[in-house]
């Protein structure tokens, strides 16, 4: 499918399905199209179409297609609600449109909220197959060090800049990926090439790229400059993020209150006390705090081995512990860490002090994660689950900090819910939205 056709097909489908939802509402409610009611609908139909398209634009439903189903559904539902409200006001103000039944307006809006996300999920799957059918080439200074890419990406070659430019015409139409180790002159040359040839170009970001990504264009006198955004949560968002943490964490504690009774009972019946596991972690500003979890291993599991990461089939994990880990219920006590202010709902996952010291020796930028509160979940956990490289997970954490917004927290929580409800084998078959979002640093 050609790109131009693909761009127009999505909004055309939105219009057809929106009008189809109201036509179906007529058939269900009135078993036909009575002239008196139909004429009222025709007066409102242009407003319904225009409002739907505008709201889809407002909710980024055309720019960011490859997102979790829950987020697509949320945008579609908000679009349907907004369209229904505005169409209702329009029908009331237009005397000729008052014959449009409110029951049809409500039923049509409900079906629109069902049709739009269904259509979009199907559309994204079809275009994704075509998009990733193209081969990819990685331009890097060290072709030999690259690990295999996920199976759905057809990486055919790993080449140095010299080899790329020697075969530049051959690589047109490829997905071209710039490694973070390329010198600035080569990166600039590749960006200029992508701009002039309209070829898709992706970059594996450096810290510089991540900080510039969240910055704004400005000027000093008459000279254009970029005001680099500090790697912190903007001050205007801090109170909102904390309020969001308190409200959502408090609601979750109430919602899961039965689990706070049943889980400790199950642990005590199988392996006795203690039911809670406390572990020192590194928080915001390098401050140490105690992280709480329901105990999922035998008592004193690390007495002989010392701090060791659990692996699949670990004999130290109890039967109850396996269920807790599978359902993530062992993480529930961390809601109290959130309420205390040690953690946030979303942020980089907190690590042990000894692990932080070890990683920071190899990656000095690792301590930049400590500029924000650690989180129950984060961008690295949702998008990096099948990419276990510490470098990539650090990039995700820094990308989250550099481009933070309240809406990003909501999105990450929605992604987390999807991962928990629909677990998959991420290594061989990550979800559709992950396959696309992993490539979002696109430059056209």
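Counting starts with 1 at the first residue shown.
Cβ atoms here come from the backbone N, Cα and C positions, even for glycine.
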Stretch carrying transmembrane segment according to TrEMBL (options 104-124, 125-145): 104-124
Non-local residues, at least 6 beyond the ends, that sit with Cβ under 8 Å of the transmembrane segment (7-28): 1, 37-38, 41, 45, 48-49, 52-53, 56, 62, 65, 83, 104-105, 107-109, 111-112, 114-116, 119-120, 123
Per-residue pLDDT averaged over the domain 'Bacterial sugar transferase' (241-421), given as an integer: 85
